[in-house]
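A.B. asks: Structure below; questions to follow.
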């Protein structure tokens, strides 16, 4: 556009010089008219070219405007669709959030119920455990008491045990003596006498458990007490 304006100014300046030349050449009107016609034709041709160029530019700009209008329409449609999708998503999020909130409330209530049941079961188990603990402690105390009594009985029976060991030792000595007697006399000791010796020196002196076994045999009274 700047070049076109410059050319117009040059043409105008040239035209002014031509007019001055016409006037200075003593009224050569016909030549001036011819120059004017030439200038007009050139001007017309230039303007036509300029119009064509401007028309092409305008068509180009109109095409761009149409493109931008279509693009704007597409963008507006896209924005409208995005708004609709956003509204749908927002509605979904709102409903989902409300549903989650309701579910949380429901779960919280259920958890409270479950927790209450757990506490009840805990109290019940604690009570049962306490009773069981008491029973075990009582049983343990009874066992400790019995064990203590048994230890005392064992301690009380220790002298009799020592006496029994001594009697066993005497029996072994008597066995040796009887064996020597058999060898020297060539006769054996009567069976009942031998049984009585075993019975006399092997029986315990006293024990509550063995009291029933401490009676003498029926034939023991018929023997000579000097034997013993």
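Placement of Cβ uses the backbone N, Cα and C atoms for every residue, glycine included.
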A.B. asks: Quick one: sort out which of 1-30, 31-60 is the region 'Disordered' according to TrEMBL.
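C.D. replies: Based on what TrEMBL states, region 'Disordered' spans 1-30.
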A.B. asks: Counting by DSSP, what is the helix, strand and coil composition of the domain 'DUF4515' (85-182)?
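C.D. replies: Helix/strand/coil tally for the domain 'DUF4515' (85-182): 98 helix, 0 strand, 0 coil.
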A.B. asks: Looking only at the domain 'DUF4515' (85-182), what is the model's average confidence as pLDDT?
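C.D. replies: Value for the domain 'DUF4515' (85-182), mean pLDDT as a whole number: 83.
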